[in-house]
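Asks: Submitted below is the structure of interest, expressed as structure tokens.
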């Protein structure tokens with residue numbers, strides 16, 4: 001089941017639990033606006049090339065729409081739709097005043113020079129500048145984009161609308177980016193993990209962890225978990241997978257990964273088959289890479305007691321059912337990886353106020369939001385006698401539905 005089908009399924013299950021009428025359900029599901037634009041740029045050799053850009057604006061009942069822009073060869077409407085909808089529910093679970101959006105350009109950024117990427121980003125911004133804005137739709141980085149991409153969008157947008165730092169988040173610090181943003185999703189994963197383990201009378205210290213994915217989220221989660229006394233026993237990324245049952249020295253691994261562009265060849269652990277990473281023996285499994293990696297083929301083999309979904313949609317619905325029967329507790333993506341969008345919200349607030357926070361304040365506020373978010377999810381679990389995934393979805397859908405009705409937008 002693809003991400004869109006899985007998200008729609010969870011949404012419909014939540015609406016049944018909440019008892020929403022079919023008209024309201026339909027209006028919550030239909031995107032507010034879908035944008036598709038052609039972006040033609042001159043390459044460095046003078047030839048012209050065209051790319052297709054997308055922006056799906058899903059819902060704005062609770063505030064401006066929010067969501068990343070990804071540059072990837074496989075960017076296509078269904079995936080962008082699913083991720084835009086997921087952002088609506090994620091911002092609602094986090095209880096920040098946003099709706100959901102997502103965008104992207106179907107290109108391979110590795111094949112483009114810096115100047116070509118800049119031209120592409122500026123053309124894309126020219127095509128959508130009147131459809132985004134500080135109080136309309138606030139883009140952020142995603143796969144294949146980063147702070148530099150946001151700086152170009154900010155500059156191009158400002159040519160039309162005047163200097164507007166709050167139009168994007170995930171910017172460089174020098175242009176109004178927030179301290180703590182780089183580590184935010186990984187730090188949010190740590191706070192979410194602490195909240196869940198506390199519920200079971202456990203702490204991060206003394207637990208063993210396996211982390212699939214050692215990019216921004218996975219590497220920060222590994223670093224922060226090891227600082228709290230957690231034992232990371234296996235890690236994987238696109239280059240390979242490694243294991244050390246005694247615990248991997250994460251600071252050494254970070255240095256190795258930076259120098260060698262991946263975890264492969266790290267001397268402080270043994271290489272293992274990357275396909276086995278999800279079924280390694282551990283207390284807590286953190287998928288922090290791609291969607292759909294936990295499925296009916298491998299769910300029965302998973303040995304972890306807890307799964308923290310740091311990636312978007314890593315667990316297929318069929319695997320959900322298998323793991324539930326095994327007694328595995330899954331902390332869903334729309335809560336577990338919401339640290340990034342929460343600190344993006346803090347960045348937006350700082351830009352609007354024109355007052356920058358220090359990093360300690362950012363991290364303390366993030367902990368407050370993640371801790372409160374877990375309590376809100378648990379309360380919905382008790383009310384509807386459901387698991388954490390449905391607790392998160394009912395919480396999110398209920399908040400968006402209430403805002404929709406209060407604004408008089410229901411069909």
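The first residue you see is number 1, and the count goes up from there.
Using N, Cα and C of the backbone, Cβ positions are placed for all residues, glycine too.
Sharing the features that TrEMBL gives for it:
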BINDING   66, 90, 344  substrate binding site
ACT_SITE  102  active site, proton donor
SITE      142  site 'Important for catalysis'
BINDING   185, 216  NAD(+) binding site
Asks: Name, in the order they occur in the sequence, the residues of the same chain whose CB lies under 8 A from the CB of residue 185 (NAD(+) binding site) and which sit 6 or more residues away.
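Replies: Counting only residues 6 or more apart in sequence, the Cβ neighbours of residue 185 (NAD(+) binding site) under 8 Å are 216, 217, 220, 310, 337, 339, 340.
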Asks: Identify all same-chain residues not among 66, 90, 344 whose C-beta atom falls within 8 angstroms of the centroid of the substrate site's C-beta atoms; report them in sequence order.
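Replies: In sequence order, the nearby non-listed residues are 67, 87, 91, 94, 96, 98, 100, 140, 338, 340, 341, 342, 345.
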Asks: 10 Å Cβ neighbour count around residue 344 (substrate binding site)?
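Replies: Summing over all protein chains shown, residue 344 (substrate binding site) has 29 other Cβ atoms within 10 Å.
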Asks: Under 8 Å Cβ to Cβ from residue 102 (active site, proton donor), same chain, six or more residues apart: give me those in sequence order, or none if nothing qualifies.
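Replies: Residues satisfying the criterion: 55, 56, 58, 67, 68, 69, 70, 80, 81, 83, 84, 87, 142.
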Asks: Please list, in sequence order, the residues in the chain of residue 66 (substrate binding site) that are at least six apart in sequence and whose C-beta is under 8 Å away from its C-beta.
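Replies: When sequence neighbours closer than 6 are ignored, residue 66 (substrate binding site) has 87, 91, 98, 99, 100, 101, 137, 138, 140, 169, 341, 344, 345 within Cβ distance under 8 Å.
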Asks: Quick check on the recorded positions: of 90, 142, 216, whose CB has the lowest count of neighbouring CB atoms inside 10 Å?
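Replies: Taking 90, 142, 216 as the recorded positions, the minimal 10 Å Cβ count falls on 216.
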